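Chemist: One structure follows; several queries about it will come next.
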Amino acid sequence: MIESCFNVGIWATGLALLMNQGQSPLLSNVGLSVLAYKATAMFIPRVGPSFIKRGFSGKDMNKVEKYVIPETMGAVSALVYFMCMIIFIPVLFYKYLVPNHNPNLPSDGSVAEVAKSQFPHDLLGAYLSALLSILSVSLLGILDDLFDIRWRHKFFLPAIAAIPLLVVYYVDYGVTYVSVPSIVRPFLKRSLINLGFLYYFYMAAVAIFCPNSINIIAGVNGVEAGQSLVLALVIACNDLFYVLSPKNKDALRAHLLSLYLVLPLIGVTAGLLKYNWWPSRVFVGDTFCYFAGMVMAVVGILGHFSKTLMLFFIPQIFNFALSVPQLFGLVECPRHRLPKLNVKTGLLENSYTEFSLNEHPLPKKTLLTISIFEKLRLIRVEYDPSTGRPLRCTNFTIINFVLYHLGPMREDHLTICIMGLQLLTGIFGLIIRHFVAPLVYPEDNI
């Protein structure tokens, strides 16, 4: 009874915020995000059996009893997100669609004409291009879950999905310059450097990196949704710095748009994490990783903080750099690099890449790579005591890196460690952006 009343209260709060009397789009978006959380949490257990019947299912490899549970539940989160963002369109532009309620417009018969002339077509274009790019990458995720597309075939596809966004950015904003640090300006004799089309290549690279980087930190209950939730919260905090203390109109508008896109992501991710947390009752699938990563790339580009975004993605950058030897064939890469369950202790331990005993000797590139990474304490290598030949090494992932340094741990504790690391780097990024960067960059280029 108490739980039912609590749930009704959450639904009522979301609806009240959505239809707030002040017609504040931000408050309405907060309410919509609350409803997105409840809708995601409601739909997932109801559609799970249907997903299993259609073949969208899998077994949790890190459990003693490997039950079949529904997979690709990220598609439910993405669908709820898109429904919410479509519903939000008339809310965002309410004062232009219903001009009689806009106090800033004249009260005579010309109110409709004035409202039409003031309608922010550029904001609508940016909003719709963002949804189109996110939808395109979400479809890529669904296809990947269906057909298990190879990395070399899908790696660059998010850049194609970002084309609508980049075109709108080119037409409406066109900002391609970067600020030069004040200590370097006397030598370069300029405060700005115009990168031209190189800046668009950089933004395309951001669109490629964000979805893929979420996707390769995986294999543990809750880690994909958990890292995405922390990242989205940090991005929202970054936006609030500008919204609560606006320095200029352009910065306020850019970060409000970012908030409109990222708050519903927080809602649907929290709803998904409720069922993906250890012991997981659903798998998120590649769909969620691509969807969530693209939302973050989009808000970074439209919010003009794509460089700051990379500070928040430090764990993902570290994981990608650590994974390079296996991704590019310097060291053998197994099909799955997730940690292994010790059945006796119930704890997760490092997974290893085994080196074939029939291969004499190991390639020089492999020996050099594992030697360097071992000296940097990034991996553990086990050797044959009689010959000194490497027998196996831990897989090159941040999850195995954490297990290597902190030792075996329970699955949910490992996810908490990854989320904690994500939060610490997010706070570090906020400190760098809002307290250190102003000392180096006198002007804020939003």
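Backbone N, Cα and C atoms are what each Cβ position is placed from, and that goes for glycine too.
Checked Swiss-Prot, it gives:
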| type | residues | note |
| --- | --- | --- |
| BINDING | LYS59, ASP60, MET61, GLU71, ASN221, ARG335, HIS336, ARG337 | UDP-N-acetyl-alpha-D-glucosamine binding site |
| BINDING | LYS154, ILE208, PHE209, CYS210, PRO211, ASN212, SER213, ILE214, ASN215, ILE216 | dolichyl phosphate binding site |
| BINDING | ASN215, ASP286 | Mg(2+) binding site |
| CARBOHYD | ASN395 | N-linked glycosylation site |
| TRANSMEM | 1-21 | transmembrane segment |
| TRANSMEM | 25-45 | transmembrane segment |
| TRANSMEM | 73-93 | transmembrane segment |
| TRANSMEM | 123-143 | transmembrane segment |
| TRANSMEM | 155-175 | transmembrane segment |
| TRANSMEM | 191-211 | transmembrane segment |
| TRANSMEM | 216-236 | transmembrane segment |
| TRANSMEM | 254-274 | transmembrane segment |
| TRANSMEM | 282-302 | transmembrane segment |
| TRANSMEM | 311-331 | transmembrane segment |
| TRANSMEM | 412-432 | transmembrane segment |
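Mind running through what each feature is packed against?
Modeler: For the recorded site, MET61 (UDP-N-acetyl-alpha-D-glucosamine binding site), the DSSP three-state label reads coil.
Sequence-distant neighbours of PHE209 (dolichyl phosphate binding site): residues of the same chain at least 6 apart with a C-beta under 8 Å from its C-beta are ALA297, PHE313, GLN316, PHE320.
Cβ environment of ASP286 (Mg(2+) binding site): THR72, GLY74, GLY141, ASP144, ASP145, ASN215 lie under 8 Å away, each six or more residues apart in the same chain. In the three-state DSSP reading, ASP286 (Mg(2+) binding site) counts as helix.
In sequence order, GLN326, PRO334, ARG337, ASN350, SER351, TYR352, THR353 constitute the residues six or more apart from ASN395 (N-linked glycosylation site) in its chain with CB-CB distances below 8 Å.
Sequence-distant neighbours of the transmembrane segment (25-45) (same chain, 6+ residues past either end, Cβ-Cβ under 8 Å): 7, 10-11, 13-19, 73, 76-77, 80-81, 83-84, 87-88, 91-92, 94, 243, 256, 259-260, 263-264, 266-268, 270-272, 274-275, 281-282.
Sequence-distant contacts of the transmembrane segment (73-93) (same chain, six or more residues past either end, CB-CB distance under 8 Å): 18, 25, 28-29, 32-33, 35-36, 39-40, 43-44, 47-48, 51, 119-120, 123-124, 127, 131, 134-135, 138, 141-142, 145, 260-261, 264-265, 267-269, 271-272, 275-276, 282-289, 291-292, 295.
Listed as Cβ neighbours of the transmembrane segment (155-175) (distance under 8 Å, sequence separation of 6 or more from its ends, same chain) are residues 122, 125-126, 129-130, 132-133, 136-137, 140, 200, 203-205, 207-208, 210-212, 290, 293-294, 297-298, 301-302, 304, 445.
Residues 44, 48, 56, 58, 60, 69-75, 77-78, 81, 126, 130, 133-134, 137-138, 140-142, 144-145, 158, 161-162, 165-166, 169, 203, 206-207, 209-215, 218, 224-225, 228, 231-232, 235, 254, 257-258, 261-262, 265, 269, 272, 275-276, 308-309 of the same chain lie 6+ residues outside the transmembrane segment (282-302) yet bring a C-beta within less than 8 angstroms of a C-beta in it.
Beyond the ends of the transmembrane segment (412-432), by six or more residues, the same chain brings 217, 220-223, 226-227, 229-231, 233-234, 237-238, 241, 277-278, 308, 311-312, 314-315, 339, 348, 398-399, 402-403, 406 to within a C-beta distance below 8 angstroms of the stretch.
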Chemist: Write down the Cα-Cα distance for ASP60 (UDP-N-acetyl-alpha-D-glucosamine binding site) and SER213 (dolichyl phosphate binding site), rounded and given in Å.
Modeler: 22
Chemist: Mind checking which residues reach the transmembrane segment (1-21)? Cβ under 8 Å, same chain, six or more beyond either end.
Modeler: 27-28, 30-35, 37-38, 91
Chemist: DSSP secondary structure for ASN395 (N-linked glycosylation site), reduced to helix/strand/coil, please.
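Modeler: The residue in question, ASN395 (N-linked glycosylation site), is coil (DSSP, three-state).
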Chemist: Count the Cβ atoms, other than its own, that fall within 10 Å of the Cβ of ASP60 (UDP-N-acetyl-alpha-D-glucosamine binding site), considering every protein chain shown.
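Modeler: Result for ASP60 (UDP-N-acetyl-alpha-D-glucosamine binding site): 19 other Cβ atoms within 10 Å.
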Chemist: Near the transmembrane segment (123-143), which residues from the same chain, at least 6 beyond its ends, have a CB less than 8 A from one of its CBs?
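Modeler: Hits for the transmembrane segment (123-143): 72, 74-75, 78, 81-82, 85-86, 89, 92-93, 149, 154, 157-158, 160-165, 167-169, 171-172, 207, 211, 253, 257, 260-261, 285-291, 293-295, 298-299, 302.
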